[in-house]
């Protein structure tokens, strides 16, 4: 499942980059387009959908006695992995475009005009006047013979060092990422789980308090996006073509890719015969963009309105597309299970 979620991020970001280049999206908005195409609202929608498909009498999963338990586990794992990839992969990607655009703007604003240059460009010592009154400039020479060709390992090490130097670990390990990692550790380690999560756990009040705070996070982010939506509807630099492209990537391209990936993995024996698990893997490709992209733009204070407009149309279309894709996914997994 983590590999499947990572694949949705990688393919989505690649499609978003192609969309931004084809539509000539402004530089400071390209990161938003890539972020909306790469991230997905994984866990929350799964938690909403699964109670219905497990209790539905005509559902292929209704006969599973552990459907609700397994579905909740799959949804929680999807949410945790998605949060980690969102802030560890998508956040540096989006921030790189915002930072580069800010630096470019500051450089342009600090460039002096031609009329403000009052000092000579060359000092007398930097030039020599020949007998025919022509100026001969002495340029610094570089000795290429002393340079050594870098080996392949040195190039790889240099690339890794360059990438890690640009990653701000303090921003990557935001509270949601730390909470996801801590939740995975608590859920995997049996002593921690018995102390914090069980019904008779002595410290179950910590789990209840964390869940109570977490339930308030989604409405809070929705309120922030709604406040930014007014600004985006009044004035937005995001063209209609870009918005339609993001909607097409999230609701057409990625869901179709999910069918090919999961069905191919099942055919090769990489994924087992669990129909519910294969449904979850395909469903991860069909979800709309994560609301955390709006949180990122709120932190950068750039593109909040444009992100809100994209999310508005994406979730409006997802209300119909998710129903259609879920029906198709259930049909595929039920047919393959009966064979």
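Using the three backbone atoms N, Cα and C, a Cβ is placed for every residue, glycine included.
Owing to the predicted nature of the structure, the values given are computational and were not obtained by experimental measurement.
Per TrEMBL, the feature signal peptide maps to 1-16. Sequence-distant contacts of the signal peptide (1-16) (same chain, six or more residues past either end, CB-CB distance under 8 Å): 33-40, 42, 74, 77-78, 81-82, 85, 89-90, 93, 246, 249-250, 253-254, 257-258, 261-262, 280-281, 284-285.
Per TrEMBL, transmembrane segment is recorded for 73-94 (among others).
Per TrEMBL, compositional bias 'Low complexity' is recorded for 106-116.
What TrEMBL lists as region 'Disordered' is 106-129.
Sequence annotations record features per position, and here TrEMBL assigns transmembrane segment to 172-192 (among others).
Residues or ranges marked as transmembrane segment in TrEMBL: 212-230 (among others).
According to TrEMBL, the transmembrane segment annotation covers 242-263 (among others).
With a threshold of 8 Å between CB atoms, the same-chain residues lying at least 6 positions outside the transmembrane segment (275-297) that come near it are 1, 4-5, 8, 32, 35-37, 39-42, 45-46, 49, 60-61, 64, 67, 70-71, 74-75, 78, 82-83, 86-87, 90-91, 94-95, 176, 218, 221-222, 224-225, 228, 246, 250-251, 254-255, 257-259, 261-262, 265-266, 303-304, 306-308, 310-311, 314-315, 317-318, 321-322, 325-326, 329-330, 332-334, 336-337. If you look up TrEMBL, you'll see 275-297 (among others) marked as transmembrane segment.
Annotated transmembrane segment per TrEMBL: 309-332 (among others), in sequence order.
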* Asked: Can you find at least 3 Cβ pairs under 8 Å between the transmembrane segment (172-192) and the transmembrane segment (73-94), where each pair is 6 or more residues apart in sequence?
  -> yes
